[in-house]
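S.K.: I grabbed these lines from TrEMBL:
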type: TRANSMEM; residues: B:20-49; note: transmembrane segment
type: DOMAIN; residues: B:20-438; note: domain 'DUF112'
type: TRANSMEM; residues: B:61-82; note: transmembrane segment
type: TRANSMEM; residues: B:109-133; note: transmembrane segment
type: TRANSMEM; residues: B:145-163; note: transmembrane segment
type: TRANSMEM; residues: B:169-187; note: transmembrane segment
type: TRANSMEM; residues: B:316-335; note: transmembrane segment
type: TRANSMEM; residues: B:355-378; note: transmembrane segment
type: TRANSMEM; residues: B:390-408; note: transmembrane segment
type: TRANSMEM; residues: B:414-443; note: transmembrane segment
type: TRANSMEM; residues: B:464-488; note: transmembrane segment
Amino acid sequence: MTQETPSSEARRPDRAALAIAVGIAIVAAIIAYSTATAVGGSATRIGPAVFPYTIAGGLFILAIWTAFEAMRGDFPEREEQQIQPVVWIVGGLVAQMLLLHITGFAIATGLLFAATARGFGKGPLWMTIPVGIVLSFIIWVIFAKGLQLSLPAGPLERLI
Amino acid sequence: MDSFTLLAHGFAVAFQPFNLLYALIGVTLGTAVGVLPGIGPALTVALLLPVTYKLDPAGSLIMFAGIYYGGMYGGSTTSILLNTPGESASIVTALEGNKMARAGRGGPALATAAIGSFVAGLIATMALALIAPTIVKFALSFGEAEYFALMMLAFMTVSAAFGDSTLRGLTALFIGLALGLIGADGLSGQVRLGFGIPDLTDGVEITTLAVALFAIGETLSVAASKSTGEGKIEPVKGSVWMNREDWSRSWKPWLRGTFIGFPIGAMPAGGAEIGTFLSYSVEKQLSKKPEEFGHGAIEGVAGPEAANNASAAGTLVPLLTLGLPTSATAAIMLAGFQQFGLQPGPLLFATNPQLVWGLIASLLVANFMLLVLNLPLVGLWVRLLSIPRHWLYAGILVFATLGTIGANPSTFELGMLLLFGLLGYFLRLFGYPIAPVVVGLILGPMAEIHFRRALQISQGDFTVFVGSPISVILLLLAVCAVVIPLVLRARGKGKVLAALAANED
């Protein structure tokens with residue numbers, strides 16, 4: 001099917017790609033189930049259920065196709081990934097999400113800033129967190145006061 | 001009224017002081033993000049959507065178009081000086097441009113890129129103004145079935161025709177289509193895939209998805225990569241002015257690049273990249289000094305840069321006349337129109353001519369601004385390249401979340417942002433293209449409405465979809481867009497298509 005690769009070693013099934021195939025199949029099943037159990041809908045023949053079923057069907061075919069390519073090892077080679085930076089950045093986003101309405105925009109976003117910088121290897125946190133909070137506070141003043149965006153206020157923002 | 005009268009009215013709109021200001025902000029921001037590696041025009045427009053919510057529609061759209069054009073200019077600077085393309089349409093420019101910079105000819109390389117972009121932008125925008133009324137007249141005869149067929153064609157060309165895998169392109173498209181199902185159905189109002197969560201009733205916000213996929217996905221992907229990606233910035237030595245030989249070797253590639261890039265952008269094929277690759281190979285064939293290619297041939301910078309900007313203007317043809325986005329940036333600009341309750345398409349030319357022609361005239365104005373911004377001030381932009389990566393990406397994430405919080409300050413929306421950010425990271429990791437997801441989300445529900453309306457009008461008769469020559473041709477083209485690349489890849493010619501991948505913008 002695809003172009004021959006010069007590498008002589010036999011290609012092994014790609015487990016991660018197989019997992020993707022399973023994931024796509026699950027999404028297809030969820031769409032089909034959710035559509036089948038939906039109440040209401042219009043009486044016309046081409047109602048709101050037609051497209052979900054079509055898309056679920058398409059995803060199911062793509063899942064089989066993905067599994068096929070995964071077994072043949074047809075997926076492109078992946079660069080080795082570092083997990084730690086991803087954990088820092090996702091951690092920063094989670095912290096911002098949970099703290100936004102408690103501490104306000106500046107502190108929550110300052111933590112995200114510092115965590116992202118840490119993900120790229122820049123520390124120490126006692127320096128980057130204050131930098132992030134000051135920066136986010138300035139942004140809050142510009143966008144919440146200047147452009148009327150509704151950015152949540154916390155103890156810091158209430159000072160002005 | 002002919003195009004020129006309409007365009008003259010457009011200039012009256014474009015020259016209003018506030019619109020000039022918006023255009024200036026747009027081109028400045030666009031140049032900046034084009035220069036910065038990692039963020040492109042698609043992301044910038046997505047970030048600005050919530051911020052412009054309270055501004056005037058014409059001004060915001062003028063600003064978005066300025067960002068689009070500016071991003072195309074700025075990308076070339078990064079490619080030439082850093083060998084890291086700032087946006088995907090500048091990959092080819094890096095081939096010859098960076099070699100020129102290393103040989104101490106960075107100045108003329110930047111100049112031919114900027115002037116070439118200017119020439120191409122000027123001609124292509126005029127072409128847009130000239131052909132738009134014709135397409136609009138043609139499109140007015142389109143019924144629901146024709147629109148559905150047109151969208152099928154756009155789906156297939158955006159997802160399956162280019163890139164290195166039909167499977168992954170189609171999967172990305174179907175992910176977007178599935179996300180488009182969430183929320184209240186456009187015709188019956190029934191909530192689909194809502195899972196009892198009230199926040200899902202309005203569906204997935206296109207800006208949330210785009211910001212997450214482009215900003216957060218990209219940041220995670222860069223952070224997780226082991227290669228540091230720090231290139232060496234070539235200093236601009238000598239004058240930025242081109243000598244007589246540079247001019248005589250540049251002007252034909254500019255024109256050829258324009259005439260290659262514009263039709264490719266205007267066809268529902270998406271992506272400015274394709275035109276740049278074509279232009280590069282044409283210049284290589286026609287050059288009197290083919291031996292210079294690969295060692296810094298000025299034609300290899302002039303042609304692709306012109307093609308790049310011409311296809312950016314070309315992309316606006318289907319967007320404005322048919323309401324059909326063929327690139328990620330165009331898809332987000334469509335969301336920008338919809339934010340103001342405007343639906344691009346033939347009717348917009350009739351109902352809101354000031355806006356459409358003001359926008360087109362502003363593009364010409366923006367083009368002049370960009371020439372000034374990019375030639376004398378190029379040294380300023382180069383300094384942006386020396387921002388350390390940790391501050392750059394930390395800042396990108398702050399602004400990414402700022403846009404989402406500004407639009408909807410809810411914990412749920414930030415959770416969606418994180419979820420789609422991780423999706424964007426995994427899509428990149430496994431080599432899935434991003435643009436089809438965004439196009440699928442925005443075009444999927446529109447295609448469904450056209451499909452069901454067509455069947456309502458025909459009272460359930462499916463032959464309505466092959467009822468006119470236009471829709472038959474469009475559907476056949478859509479089938480070809482999937483089948484031909486599959487055959488080519490099976491025969492081992494997939495590399496050419498992979499090189500033409502329309503990925504980011």
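Any Cβ shown, glycine's included, is placed from N, Cα and C.
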S.K.: Could you tell me the mean pLDDT over the domain 'DUF112' (B:20-438), as a whole number?
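M.R.: Looking only at the domain 'DUF112' (B:20-438), pLDDT averages out to 84.
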S.K.: Between B:61-82, B:109-133, B:145-163, B:169-187, B:355-378, who has the most Cβ pairs under 8 Å to the transmembrane segment (B:316-335)?
M.R.: B:145-163
S.K.: Are there 3 or more C-beta pairs under 8 Å linking the transmembrane segment (B:109-133) with the transmembrane segment (B:145-163), counting only pairs at least 6 apart in sequence?
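M.R.: Touching, no - the transmembrane segment (B:145-163) and the transmembrane segment (B:109-133) miss the threshold of 3 or more Cβ pairs under 8 Å.
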S.K.: Ranking B:109-133, B:169-187, B:414-443, B:464-488 by the number of C-beta pairs under 8 Å to the transmembrane segment (B:355-378), which range is first?
M.R.: B:109-133
S.K.: What same-chain residues lie close to the transmembrane segment (B:169-187): Cβ under 8 Å, and 6 or more beyond its ends?
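M.R.: For the transmembrane segment (B:169-187), the nonlocal Cβ contacts are 155, 158-163, 193-194, 200-204, 209, 423, 427, 432-445, 448-449, 452-453, 482.
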S.K.: Three or more CB pairs closer than 8 Å, sequence separation of 6 or more: does that hold for the transmembrane segment (B:414-443) against the transmembrane segment (B:464-488)?
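M.R.: Per Cβ check, the transmembrane segment (B:414-443) does not touch the transmembrane segment (B:464-488).
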S.K.: Within the same chain, where does the transmembrane segment (B:464-488) have neighbours whose Cβ lies under 8 angstroms from its own Cβ atoms, ignoring anything closer than 6 residues to its ends? I mean 6 or more beyond.
M.R.: 142-143, 145-146, 148-150, 152-153, 155-157, 160-162, 166, 170, 454-455, 457-458, 494, 496-497
